[in-house]
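Undergrad: Take a look at the following structure, please.
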Amino acid sequence: MSDEGKKRSSRADSLEAEPPLPPPPPPPPPGESVLVPTSPRYRPPLPAPLERIVGSGEPPVELAPRRKGAGEPLPPLPPSLLPGDQEVTAAGDSCEGPRRLPEVKLPEAATGKGSPGEPEAGACREGERRGTGDQPETRSVCSSRSSSSGGGSDQRSGHQHQHHQPICKICFQGAEQGELLNPCRCDGSVRYTHQLCLLKWISERGSWTCELCCYRYHVTAIKMKQPCQWQSISITLVEKVQMIAVILGSLFLIASVTWLLWSAFSPYAVWQRKDILFQICYGMYGFMDLVCIGLIVHEGAAVYRVFKRWRAVNLHWDVLNYDKATDIEESSRGESSTSRTLWLPLSALRNRNLVHPTQLTSPRFQCGYVLLHLFNRMRAHEDVSEDNGSGEVVMRVTSV
């Protein structure tokens, strides 16, 4: 019984502690609709506002509290996002009209050194600080671009300078590979050459004249190389046969002439000179000696060219630069090896018996006249009266 009494007394105390219920709302006036209360809709809570990072000397800024219910209005927007004269509608279920949000005034420490009414100035200063912080990167990019553009211009100027630099006409290298010489009359891009390149070209070609301007190089032999430094040259099969023929002919000629002289003047060969068989041998040996002499003369030029090539390889040479005054003097004396031009009328080619190689008085131009004669024979099938107009033909003849 005591427990039941205690429960009843506690219930009575709780009923007394509860506030009284509010009175029902008065009925609406006639002619208006009755508002039926509805249960509030569920709205998720808003995320927590970001905390503003404040310096050590700045006071903390009061942040707006979180919204606790659907009937509570939204917190005001920061001044940087919403001007002071903009109106927004509170997101609630109270069906209220548009409401002007109160302006939040930030302290001077948060906005900078300006007045409280200048929040945008602080943002501008902050942007300026960010801009000044980004300046080194921009400057580095610009400097890298300028350096790259400067490097490109330097590279182009270097290519142009290298293009205008004199180069060797054999190896196409510049003066860094050696001293460049001007050994002949050639001009332009084929004017210069290296000493070693030209000597190697002369040794391979076997000629002391330029293949372009036909100028004979002025070279001086310094000394012969040591025997251990001698180099072999490349020769063809025909040149090998010519060399063997000249060597064998020379050996036979030396042996034959030596025996003939001993038989003719030695007192120990008196009986040989009186014998008829030895007299026949003398005639045969004399004929063979003449054949050997002709063979040596005929093939000696080729062997001499091979010897000159070998000598050019195994000698220390010094090529001299082209001297125009010396060239003019040689040309005036007729010692120049340049090509000559013959101007002949075109009607001379129509006459078959006008020019003949046997009528030449100077053997230096025989090659050119032979070419003219062959060209005349090739035109034999053409009609002579077909073209009676006057004209000229230019034939370039090189002295051999």
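Using N, Cα and C of the backbone, Cβ positions are placed for all residues, glycine too.
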Undergrad: Among 241-244, 289-292, 369-372, indicate the range for which Swiss-Prot gives the feature motif 'YXXL motif'.
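TA: Result: 369-372 is the stretch Swiss-Prot calls motif 'YXXL motif'.
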Undergrad: Look up motif 'PDZ-binding' in Swiss-Prot and report which of 45-48, 313-316, 397-400 it refers to.
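TA: When 45-48, 313-316, 397-400 are checked in Swiss-Prot, motif 'PDZ-binding' belongs to 397-400.
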Undergrad: How long is the line from the C-alpha of C184 (Zn(2+) 2 binding site) to the C-alpha of C168 (Zn(2+) 1 binding site), rounded to the nearest angstrom?
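TA: Each residue's Cα considered, C184 (Zn(2+) 2 binding site) and C168 (Zn(2+) 1 binding site) end up 13 Å apart.
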Undergrad: Going by Cα-Cα distance, pick out whichever of the binding-site residues C186, C210, C213 is nearest to C197 (Zn(2+) 1 binding site).
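TA: Ranked by Cα distance from C197 (Zn(2+) 1 binding site), first place goes to C210.
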Undergrad: Note down the number of other Cβ atoms within 10 Å of the Cβ of C186 (Zn(2+) 2 binding site), including every protein chain shown.
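TA: I get 18 for this one.
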Undergrad: Name the one residue among C168, C171, H194 whose Cα is closest in three-dimensional space to that of C186 (Zn(2+) 2 binding site); these are the binding-site residues.
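TA: It is C168, whose Cα lies nearest.
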Undergrad: How big is the Cα-to-Cα gap, in Å, between C171 (Zn(2+) 1 binding site) and C213 (Zn(2+) 2 binding site)?
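TA: C171 (Zn(2+) 1 binding site) to C213 (Zn(2+) 2 binding site), Cα-Cα distance: 19 Å.
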